[in-house]
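What follows is a set of notes on a single structure, which appears directly below.
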Amino acid sequence: MKKIMSGNEAIARGAWEAGCTFAAAYPGTPSTEILENIAQYEEIYSEWSPNEKVAVEVACGASIAGARALCAMKHVGLNVAADPLFTIAYEGANGGLVIISADDPGMHSSQNEQDNRLYAPHAKVAMIEPSDSQECKDYIKYAFEISEKYDTPILFRITTRIAHSKGVVELSEREEVGFRDYEKNVKKYVMIPGNARIKHVEVEERLKNLKELSNNTPLNRIEWGDKKIGIVTSGVSYQYAKEVFGDNASYLKIGFSYPLPDELIRNFAEEVEKLYVIEENEPYLENYIKSMGIDCVGKEIIPICGELNPDIIREAFYGNQKRELYNLDVKVPSRPPVLCPGCPHRGIFYAVSKYKDIVATGDIGCYTLGMMPPLNVTDTVICMGAGISAAIGFEKVYKMANRRGKIFGFVGDSTFFHSGITGLIDAVYNQSPIVAVILDNRITAMTGHQENPGTGKTIKGEITQVIDILSIVKAIGIKEENIRVVDPYDLKATEEAVKDAYNSSEPFVIITKQPCALIKEVQKKRSGKYLVINQEKCKKCKVCLRTGCPAISIRNNNIVIDKNMCNACTVCQQVCKFDAIEKGGNF
Amino acid sequence: MVKNILFVGVGGQGIILASKVLTEGLLKYGYDVKMSEVHGMAQRGGSVTTQVRFGDKVYSPLIGEGEADVVVSFEKVEAVRWINYLKKDGKLIVNDYEIYSLPVLIGKEEYPNNIEEELEKSGIEYKLFNASKIAEDVGNIKTQNMVILGALVKSLGLEELDWDGVIKDVLPEKLVEINTKAFKIGLSI
Ligand SMILES: Cc1ncc(C[n+]2csc(CCOP(=O)(O)OP(=O)(O)O)c2C)c(N)n1
Ligand code: SF4
Ligand code: SF4
């Protein structure tokens, strides 16, 4: 049977067909749908882990115990999980172990553009790269086999265009492989220095065997065409190259990309007139080929920054090939992403925006948008967790430099569980009077509404224990009198909390509690309710526009609320000094 | 021969579902199909695109500038934002529906009022109609994507396929009837 599938769906299907029984992940674009799809297969235990390090570790445990196990994350997630990656490389796999890294060239929704292919040689694990949905499915099955046969974890590397592009996939049935036996083997699974020294030698040996495989695997293949141009490529770049050159070039398509196939590369290079490397971001293949003493052209003409596409390649080879384009004489307004109408993050940012000497170290999530006008609150965003920990560094320096100001650190609920907790421990341990604001919207919203340890549900929708943020905060040692739990829709209470926090000289926590406005039950509860602006009372002071709610606009010189968009959070009503905003619908 | 369709609009307008129905239909036709979508900040009111390519054999999932045979815009100004993707003599389908972005809402930028005028001048072959209004009349504004899809299917000349069947396969049962109705109206535009 044929089906149209995204790369992520195809990976899930492939894992299922391969008899995989265990999958763990922390969400992150463009990887999220892998686990969302896997969770739909009954045969596979699936979990959202609190972060990527935990996801990789539980998968390691599952593999050693004998299951075919998989874990998935976005590229920056692998940084968080790098520690277990480098050591599981020594221990190897029992049941097949596949670690998926979804990179994001072009940074469609990421904070950096790192190329995780570089992890494979660094961690000394085999790497596989599919170039379309069919290969996603086929290669994942192959990955499990190779992992078991060669006793190695596999780094399975995809990119946004592989993960989120759909293509035709031929489906097969599931093959039950059961569980391999586990036998205690401390030399293999306990990495004390004495064992690790032996293991490192074995790993080097394993890499030699894998190189042999790399020269012979069908994943690395030559497609002969015109031999004037020889192209070494992998992943989606292969598709772009085929699109541009068709049969007018020969291709060495790399699907097994660590260790690289020396012999194959050499043979290919000898046959073609000129050798090119087409790859996104880092010159991973190019540097390797050059290190073999083979001349090739790559980043001289293909950009390092951003994602590729056929036009960029065409231009690199043939110069400017611009087609005739339409252009209308219309001034197009920008359309930046914004916090939704009724977003629970709005109230707290609005309250904080009134203080000019608050520095806000932000974090990643919907609330990153607290940086946007008209709120303009956030000062820094680095990585998940840094919302709290960067605040501590700021606070210490502000004190040493005798600067005025108060440091507020922002994290979401999912981010708090991911890596915010340790930062808060630091604030208490090293007595940093920062204000940690934990924005508990009861969901991992940014990545498309995944459950997390605070929501009371698992990835499969089963009811589970709620991990209570307030209890954690108390247990860490934030004093009772320095904690405020507020409803961010209650602007007065929120402003009070911000004021108390601002004046405190000890570590302080504000927890804002209100579910994301896009959660289905929330939408249901508020449907038919909205606010209206009484035009007779409205003095056009525009203070309500400062909340940045996209349901409020100026039309024909009147300030109005779009009742279809309004989520009835009442924040705008509370900022209006003239009582001009009134309840409408079935409020 | 590969045909390129670019869908553009604003998060929440049902673009992804429309392109899904289209690609399922094309697969039934026996075409090789690729579709690429960009998720991410889309949900928060940003502009959204999906790209569909079909033919005997499709390699790249991406459409380049000046390569789209049809640009399908679910929102009026988005049609202009993406017009550089339209092939010379390609077709443009535009939902005559305005969604203001935040800078427009708060009066920092303006929503242009000369779009129709400029489209006329450009010589582009376009269809401009209010799919949102049609969908509301059908009974649910969310079916605007099927109205627009119907119009696209017509302009591609792919009417003879069993689209009702495809819609039935892709959508939840209780939404099939209303969406089929919306699609039929689109086919007549
Ligand atoms: C290490 C790492 N993993 C995953 C991501 C992707 N990501 C960005 S924001 C986010 C979740 C944010 O959830 P939460 O903190 O609850 O904030 P919300 O979006 O709900 O406001 C995730 C998973 C990332 N940027 N970095
Ligand atoms: S999805 Fe939820 S948390 Fe994110 S901006 Fe919208 S309302 Fe806020
Ligand atoms: S009540 Fe006001 S602030 Fe809240 S969603 Fe409606 S218009 Fe926006």
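Cβ atoms are placed via backbone N, Cα and C, with glycine included.
Listed in TrEMBL for this protein:
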- A:C538, A:C541, A:C544, A:C576: [4Fe-4S] cluster 1 binding site (BINDING)
- A:C549, A:C566, A:C569, A:C572: [4Fe-4S] cluster 2 binding site (BINDING)
- A:529-555: domain '4Fe-4S ferredoxin-type' (DOMAIN)
- A:557-586: domain '4Fe-4S ferredoxin-type' (DOMAIN)
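Positions of TrEMBL features highlighted on the structure.
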residue	record	contacts (Cβ under 8 Å, 6+ apart)
A:C538	[4Fe-4S] cluster 1 binding site	A:N558, A:I559, A:F578, A:A580
A:C541	[4Fe-4S] cluster 1 binding site	A:K577, A:F578
A:C544	[4Fe-4S] cluster 1 binding site	A:I533, A:I552, A:I559, A:C572, A:V575, A:C576, A:I581
A:C549	[4Fe-4S] cluster 2 binding site	A:L339, A:P341, A:G342, A:R346, A:V571, A:C572
A:C566	[4Fe-4S] cluster 2 binding site	A:P341, A:G342, A:K529, A:Y530, A:L531, A:A551
A:C569	[4Fe-4S] cluster 2 binding site	A:P341, A:G342, A:C343, A:P344, A:R346, A:G347, A:Y489, A:A517
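For the domain '4Fe-4S ferredoxin-type' (A:557-586), the model gives a mean pLDDT of 95.
Fewest Cβ neighbours within 10 Å among the binding-site residues A:C572, A:C576: that distinction goes to A:C576.
Each residue of the domain '4Fe-4S ferredoxin-type' (A:557-586) gets a DSSP state, and the totals for helix, strand and coil are 5 helix, 9 strand, 16 coil.
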